[in-house]
Amino acid sequence: MKRTLTTLALILSAPAAFAQEMTVTKAGELAGQIGAAETFTGTAYVAPVFSPNMNDVSAGHVTFLPGARSAWHTHPAGQQLGVTSGTGWTQERGGTCYIIEAGDVVWCPPGVEHWHGATDKTAMSHYAIQASVDGSAVEWGPLVTDEEYHDH
């Protein structure tokens, strides 16, 4: 899975890499933060993976404590998730709620409204990689209600 994420990141960032020097960012140099209450229910810790100079590609390592989840949202260029630990759920609006576990990779197509997060009993962490279109990588919608979260 790490190979897939690394390959994807290299492909997406290759044009920006020409004529520049290699940069090494040490663990902990990019400070994370608790996800905003407007975009997450429960406790989710979001740590950037790439520095802001990655042009139109962003990535975060997100850790959801039990019961935590993102709000409904879409990505104009889609989103790749790579689960690194724990067990979680992800769902398209009106679709099947999938169990996701360490090692699983999820592709959310462009414009598809979805959410992802921990189960009600287990934490879950994943890498989230997305490209920007016209300067935007995500369009946030309403919070996932408790009924939507538990009704699957």
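Glycine too: its Cβ is placed from the backbone N, Cα and C atoms.
Since this is a predicted model, take the numbers as computed values, not measurements.
Under the heading signal peptide, TrEMBL lists 1-19.
Secondary structure by DSSP for the domain 'Cupin type-2' (61-125): 0 helix, 38 strand, 27 coil. Marked as domain 'Cupin type-2' by TrEMBL: 61-125.
In the predicted model, the domain 'Cupin type-2' (61-125) shows an average pLDDT of 98.
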